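S.K.: Take a look at this one; I'll ask things after.
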């Protein structure tokens with residue numbers, strides 16, 4: 001504190017009036033000896049009387065030593081009720097010094113780690129959480145105690161209660177806490193929210209982490225944990241493009257790049273999820289950027305699969321399954337499969353979505369090369385029924401991926417986009433100007449020829 005002052009619980013900053021350090025140096029060893037002889041209650045009364053004097057005189061160092069000594073003696077004597085009572089009593093004393101309370105709480109936090117008896121540990125945690133509630137100067141200790149309590153609840157099978165307890169903490173506002181520890185707390189909040197399937201809250205909590213933090217040193221483990229949690233979240237949301245970006249972030253991590261098997265699995269997931277993502281400008285841009293990665297050469301099947309979606313040619317689903325099905329779903333000894341198309345409900349859904357992306361790719365190709373096509377012909381090219389083809393086409397039109405108009409009576413699809421009236425008028429005006437310029441030039445050339453012949 002500035003000028004050697006101490007801060008009281010009411011916020012006032014006071015200077016030390018009397019130095020009791022010599023008295024405390026003399027009394028503490030005497031009290032420790034008496035406590036070991038079993039006269040703990042007598043010792044505590046003596047120390048409480050001395051604490052009043054040091055507190056009134058604003059001697060922060062001596063007050064801290066007395067508070068720590070009281071809880072230490074109670075702990076060593078295993079007088080748990082007395083320990084909890086004195087923590088409450090000392091923290092609530094009138095005009096108590098903040099630094100002294102902080103020292104006492106820090107000492108008690110070490111006891112929480114050492115105590116093995118669960119009911120005693122839980123009671124001490126509850127007492128300390130009660131004492132630290134609403135006090136900024138012990139907010140870090142309160143956060144750590146809350147995390148310990150949440151861990152105990154989770155170990156006892158009460159995951160919902162653990163998530164609820166940990167969510168109370170708004171650690172992103174704790175300026176005194178190190179950034180790394182803050183991120184660890186937020187990741188733990190995300191993990192527990194995912195465990196109880198609270199996806200909306202997980203999404204909100206995830207926004208509290210700035211991903212630029214992961215560019216700092218010694219953050220790779222936290223980075224991988226964060227992106228794995230985000231993958232779980234976005235898999236529930238079905239946001240394939242976001243999952244692809246998360247896997248790219250994992251793929252770009254140095255510790256993943258250092259191990260061939262790990263980066264290959266990450267890159268395979270990147271390729272598969274970008275293919276699974278519905279087509280739009282961002283997806284198309286990402287596909288071409290991923291295609292330029294030289295490391296794709298080491299997983300040729302996945303490189304060829306990605307190339308199919310960048311080539312302006314029709315694909316047959318049956319051929320794709322024949323060529324890539326086994327590699328994507330089962331893998332091989334040299335190239336293990338990812339869990340994207342695993343034999344789970346989610347894996348089957350993604351396999352179905354892959355088929356949908358093949359169909360959508362084919363319809364986009366048709367829209368590029370055809371101006372008009374019959375429904376029957378389109379269904380034949382897509383290996384689908386007419387109704388299924390129409391459903392896919394309608395979906396792409398609604399999403400504004402392509403333009404198409406269907407004449408259902410004639411069974412004809414028109415891919416030609418109608419021109420805007422202003423553009424039509426501009427085209428007409430431009431062509432008319434071009435025609436008049438041509439007529440003018442021709443007239444001029446005729447007149448020139450006539451003049452030359454007249455001269456002759």
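Glycine is treated like the rest: Cβ placed from N, Cα and C.
The shown structure was predicted, so the numbers you read here are calculated from the model rather than taken from an experiment.
Residues annotated as SUMO1 cross-link in Swiss-Prot, with a large-scale study or a structure entry given as evidence: 92. Sequence annotations record features per position, and here Swiss-Prot assigns SUMO2 cross-link to 92. Per Swiss-Prot, domain 'PCI' is recorded for 242-420, and the stated evidence type is sequence analysis. The N-acetylalanine annotation in Swiss-Prot covers 2 and is backed by experimental evidence. Taken from Swiss-Prot, the feature N6-acetyllysine covers 221, 368.
Context for these features, please: burial, neighbours, distances.
M.R.: Residue density at residue 92 (SUMO1 cross-link): 11 other Cβ atoms are found within 10 A of its Cβ, drawing on all protein chains shown.
Residue 221 (N6-acetyllysine): 11 other CB atoms within 10 A of its CB, across all protein chains. Reduced to three states, the DSSP call for residue 221 (N6-acetyllysine) is helix.
In the three-state DSSP scheme, residue 368 (N6-acetyllysine) falls into the helix class.
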S.K.: Within its own chain, what residues at least 6 apart in sequence put their Cβ under 8 Å from the Cβ of residue 368 (N6-acetyllysine), listed in sequence order?
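M.R.: Set apart from residue 368 (N6-acetyllysine) by at least 6 residues yet with Cβ under 8 Å, we have 312.
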